[in-house]
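Peer 1: One structure, pasted below without further comment.
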Amino acid sequence: MSSLFPFIFLFLFSFLTSFRASAQDPRFLAYYCPNATTYSSNSTYLTNLKTLLSSLSSRNASYSTGFQNATVGQALDRVTGLFLCRGDVSPEVCRNCVTFAVNNTFSRCPNQREAVFYYEECILRYSHKNILSTAITNEGEFILRNPNHISPIQNQINQFTNLVLSNMNQIAIEAADNPRKFSTIKTELTALQTFYGLVQCTPDLSRQNCMNCLTSSINRMPFSRIGARQFWPSCNSRYELYDFYNETAIGTPPPPLPPLASPSLSDKSGNSNVVVVAVVVPIIVAVLIFIAGYCFFAKRAKKTYGTTPALDEDDKTTIESLQLDYRAIQAATNDFSENNKIGRGGFGDVYKGTFSNGTEVAVKRLSKTSEQGDTEFKNEVVVVANLRHKNLVRILGFSIEREERILVYEYVENKSLDNFLFDPAKKGQLYWTQRYHIIGGIARGILYLHQDSRLTIIHRDLKASNILLDADMNPKIADFGMARIFGMDQTQQNTSRIVGTYGYMSPEYAMRGQFSMKSDVYSFGVLVLEIISGRKNNSFIETDDAQDLVTHAWRLWRNGTALDLVDPFIADSCRKSEVVRCTHIGLLCVQEDPVKRPAMSTISVMLTSNTMALPAPQQPGFFVRSRPGTNRLDSDQSTTNKSVTVSIDDKSMSDLDPR
């Protein structure tokens, strides 16, 4: 009888929660804030913007059609906005997405006169410009790639490219001719594989403008992947080899939204129908859930795991779905051959692997003598499994086999940032524009962890070797073995076990075990200074009594010679105003008082807005004073038995960064 308890619990829990599934928050993808112009607090523009957003998210908005636009105000204070819901979603899902997007507008793009917010189910957009009936294809682009490549054989690549173009161009024509400016396609490739495509324009566009926008969108998609999507503010396109849209909703008129008021009790026949539905539907759902639960536990009992990683970027990942067969990983890495080794990460070696289906992966094999225990291992899996952001490396699976613990990640072509930044033979490949792009990408990734993901995550080990670079030199934050999850209202946590890397750790964490979002901000500041200078913080050669990079940068700033910090490889080609501003931001991040360090949301605005005034930086943490006998704080060393001389404010800190 006791063996039935898991099923009974699953049944009751699923029954009680199944009716709340539709109320989950929409999946946020990206936002675009050009920061060309801003508005001030209490301005007429802000008042008009609030009125506009209220109108777009009102109960009377056009959720059934999935599109609405509005304009509020006059002349320079005029603001125009719109929402566009994906053509296959229900009015209720549309309303939920738009309302959620409106409620998060000011936290994502504060004080911006123009913005676009991309969600899985909808797009929200506003601007001080006239954005209606105009196809925008030169700004606000966002691309998502399925991490799985198609076969490397050239003729298969050409065949697949032709297939994608043929199908996508066909539905682009259909969408342009459709009043809803929306179309999908389903094409069987083989008995086991089907192609799915979707395109959509905002319905205010003319046929020609919609066609031009979709043509641009489709041509910018990476056809080397088995799935991809591209967004412009005015249109978007997507293809996959799985069913990602609601086929039953295509071609049928959307049902009306459910009434917000209580129904009348006078219609007896109507009430009887409601009672029947209310009784029958939960029973059917409960039976299906029970069957699914039985299959789930039966599968667990067999202890059989996948032989290749699942790459469906839209499925919510579970620990069970991530567990891979050890022998498959062993074969993918040629039995962890030295020829496959591509580096060393936290707690173990990293190998390149290729699965039988052609998927390239990075395999981290944890050392058997590693300090990372089962807690950290499971923590890394749980933390990373459901994160979805282009500036975070994605976990594809894991394996536990006796003493072996293995993590499988997406393969990132250019390895880590430190391989370029600190190698005299390679650092010349990092032009200033690339370094500036990398700084911005890291900032967006940290902002997602701190604010935009479902959980508040503190990384605790941000450093150059944990920033990976893909084929286009886009940064991806990696190695979440030391990350911690915060509660919704939690701003700080203490620990007696200090983990991380010296030189990147904030003073309050290194000395008192206190960590918060501002600890990651400190690490980000050190990274920014390293990217600008091309020098490691811990290997700094003493100059003018400076014993680390942070101290050196602070003294140059204080002396008015900040440009002397710049890496000689980029000194003649960099934009000096951007370099100085980034140095300024880096020094704000490494200030000794954590309260005075800016939040990542503020940093993102600082990096993209040249009009935002920056406060003067104050003394950094671990600032080395010119006196004999000062111990040096080194990087990449154990934190035990290491004394340092620092100056730290002992008052408690609070983090005001909003979620």
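Quick reminder: no glycine exception, Cβ is built from N, Cα and C everywhere.
Under the heading domain 'Gnk2-homologous 1', Swiss-Prot lists 27-131, citing sequence analysis as support. Residues or ranges marked as N-linked glycosylation site in Swiss-Prot (evidence: sequence analysis): Asn35, Asn42, Asn60, Asn69, Asn103, Asn246. Annotation source Swiss-Prot lists transmembrane segment at 274-294, citing sequence analysis. Marked as topological domain 'Cytoplasmic' by Swiss-Prot on the basis of sequence analysis: 295-659. The annotation domain 'Protein kinase' is assigned in Swiss-Prot to 336-622 on the grounds of sequence analysis. What Swiss-Prot lists as ATP binding site is Ile342, Gly343, Arg344, Gly345, Gly346, Phe347, Gly348, Asp349, Val350, Lys364, and the listing cites sequence analysis. Sequence annotations record features per position, and here Swiss-Prot assigns active site, proton acceptor to Asp461 based on sequence analysis. The feature phosphoserine is assigned by Swiss-Prot to Ser465, with similarity to another entry given as support. What Swiss-Prot lists as compositional bias 'Polar residues' is 636-646.
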Peer 1: Got a sec? Which of these glycosylation sites, Asn35, Asn42, has the most Cβ atoms within 10 Å?
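Peer 2: Of Asn35, Asn42, the one with the most crowded Cβ is Asn35.
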Peer 1: Are any of Asn35, Asn60, Asn69, Asn103, Asp461 (the recorded positions) within 10 Å of Arg344 (ATP binding site) when you go C-alpha to C-alpha, and if so which?
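Peer 2: Checking each Cα against Arg344 (ATP binding site), there are no hits.
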Peer 1: Could you measure between the residue listed as 'active site, proton acceptor' and Asn69 (N-linked glycosylation site) for me? Cα positions, answer in whole angstrom.
Peer 2: 44
Peer 1: Please report the distance from the Cα of Ser465 (phosphoserine) to the Cα of Val350 (ATP binding site), rounded to the nearest angstrom.
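Peer 2: Cα-Cα distance, Ser465 (phosphoserine) to Val350 (ATP binding site): 12 Å.
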Peer 1: As a quick check of your reading of DSSP, tell me how many residues in the domain 'Gnk2-homologous 1' (27-131) are helical, how many are strand and how many are coil.
Peer 2: 33 helix, 31 strand, 41 coil
Peer 1: For Gly348 (ATP binding site), what is the secondary structure by DSSP, using just helix, strand and coil?
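Peer 2: Looking at the DSSP assignment, Gly348 (ATP binding site) belongs to a strand.
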Peer 1: Reduced to three states, what secondary structure does DSSP give Ile342 (ATP binding site)?
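Peer 2: For Ile342 (ATP binding site) - judged by DSSP and reduced to three states - the answer is strand.
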Peer 1: To the nearest whole angstrom, state the Cα distance for the pair Asn103 (N-linked glycosylation site) and Val350 (ATP binding site).
Peer 2: 42
Peer 1: Where does the residue listed as 'phosphoserine' sit in DSSP terms: helix, strand, or coil?
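Peer 2: Going by the DSSP assignment, the residue listed as 'phosphoserine' falls within a helical segment, counted as helix.
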